[in-house]
Every structure is written in structure tokens, then in C-alpha cells.
């Protein structure tokens, strides 16, 4: 016992011993109910090293004993009728405060302690700055190699759009593209593939192959439009707007409202179509039938029947220049009229013009007959003279 304990009265000493026993019993009972000590209520204390925990346990037990003695002494000085549970609550509160202080100190120490990774990479910044271009190249080469061996570098689908007369299967077959082909190979030969398709199909005027991420290709097709028909040997053929004549005959019952050229050869067809496509739609829609009517002065003279009842006569070589004047002329005349554009522009009723042509044809026939008669008479005279000469 301490000197203070010796100064106590026998009753006080017994009471002190009783309180100590009660405190120990309460402590044991608390340990039995709560496996973890009060100062372990913080998660920090659980993570401490074993040596630190033992040190804290020893320190806490010493402090608890001192606090217990001080509490008993204080209570004895103030009052001898205090209850043990009140003292225990004060001790527990003080122990919890000590635990919180220890946790705060440990957190501050952890913040100040340098990280293992920071010490590992300390001083490596200059080296990384020098090496990053090489590292970037290596990464790009690696990613590129992975892409080249992956299915994404091969074409997955090839589609065709804009085609009305040629099937998508035929266009895809003409392109030569297969699903196992490399995307880069197709991109490098893109223009060549487009030209091949255009040459294979006369109806196709232009082809554009577009790439769609990640590995799809689309051929956008633009086709030639239908321009006119040409009739040869009682068969009708379609002519495209580039002057190309489709060799397959067209059903006469399924003709569109397009001009029909009578017995034009391929060169004449192309010349007519080139001029025809420059005209306004209003004029083109009036033209129905085109025939060749050559004259002595104009060998490429043609007659164009119009849906308004008039007929235009113009040279094939001047079609694009002269025909645009027709609408203004048609407003000033009453159909049916013949608008002659061979030498200037003048109009004549169709019946009178036909009579004029008939008279002209008769005169021409008579002239030809007279010339033939003269040739016959001259031939007869020559024969008679040669006979007389031989008899002499």
C-alpha cells in the first residue's frame, strides 16, 4: 500500500479494496460482453502493428490504473458514498478520448510519410520526357499490328445504292471486291474499281465507292437517263442520254413519251441526242417523231413532228441553235404549220407546204426524166454515127 492508503481509516481502506474489486469485476464482465477493448473502437487501432498495439495496451492499462486510483482518491476526498458505475463511465470516456488522439496522430504520420510509388518514380520525369516519342511509336506500331491481324481490317459488307436498271449483285460481281479483301487494298484501288464498273455497264454514268467505319463499303451508282428511241427494221431500241443505243429491242407497247428517230445510224443518233439534251424540258416534251428529209442544199435536214400539231424542219447540225426559238414562233401561228429553219425562220401552213414539196418533187422528177432522156438520145446518136462510120 501507498502512504496515502496508510493514512486512510480501516473503513476507507476496506471500501477502497471493495471498489477496486468491483472495478476489476466490471472490467472482466465488459471484456466478456465485448471482445474488443474500448480503445479498439477506432479502425485505426486495428491496423496498427503488433508491437504498437502491445505498447498501447500496456500504456492504456497503466493509465487506466492511475486514473482508477486518482478517481478513487478524488471520490474519497469529496464523498465516500459514490457509486462504482459512475467511476467506470468516466474512465471509459477518458480511454476513448485517448484512442481518438492516438488515431489522429497516426493519420498525421501517414500523411507525412512518403509513398512507396512516389519514391520509386522520383527523378524519372526527365527520362520519360526523352523517351516518350519512342514509346509512342512503339505503341502505335503495336496497335497497328493488332488491327492488321484482326477481322476489322477485312471488308465485312459491300452494298450498292442508286441502281435502278442494273442489279446490285451484278455491280458487286463486276467490282471484284470480296469479303476477305483488305480495307487498305480497296482504298488504294478505289478509282480503278470505279472505272471498271463504269466500263462494264453502259447504263452507269458514274460510281463512287465510300468507306464506312469500321469495315463497310458502299458503291453509290448514278445511271444514265433514257433520252430517245430509234426505230430500225421495224424494231425499236432505247437510246441513253449519252447517245448509247441499247441493243435489246423494246416492247412497242411499253414505250415512254420520248421522240422516235426513224432509221438514224449510230453517228446521227449521237449527234441528235447531244443537241436534244441541251434543250429545255418544255421543248423536249413536244417532240414526238423525227425523220430525215435531206435536200440538195442541206443533206442533214430533218423533220420534227410536234405534239401541238406543228412540224419543225431544221438541219441536224443546227438543232441546238435553232430549236430554242420555236416556242416564240409557235405562239404567233395557228397549227398546223410548218416552221422552216433551213435558211432563216419562216412558217407556212402544213397543207401548202406539203403541196409545195409535192410540186418540188414532181419538178425534180421531171428534171431527172428529162436528163435521162437527153442521155438516151445522146447515146442513140452516138450509136448511129458509129454505125454509119463502120459502113463507109
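Cβ coordinates are placed from backbone N, Cα and C, and glycine is handled just like the others.
Owing to the predicted nature of the structure, the values given are computational and were not obtained by experimental measurement.
Looking at 90-110, 111-131, 132-152, 153-173, the range tied to transmembrane segment in Swiss-Prot is 132-152. Looking at 343-367, 368-392, the stretch flagged in Swiss-Prot as region 'Disordered' turns out to be 368-392. Mean pLDDT for the domain 'POTRA' (153-224) in this predicted model: 94.
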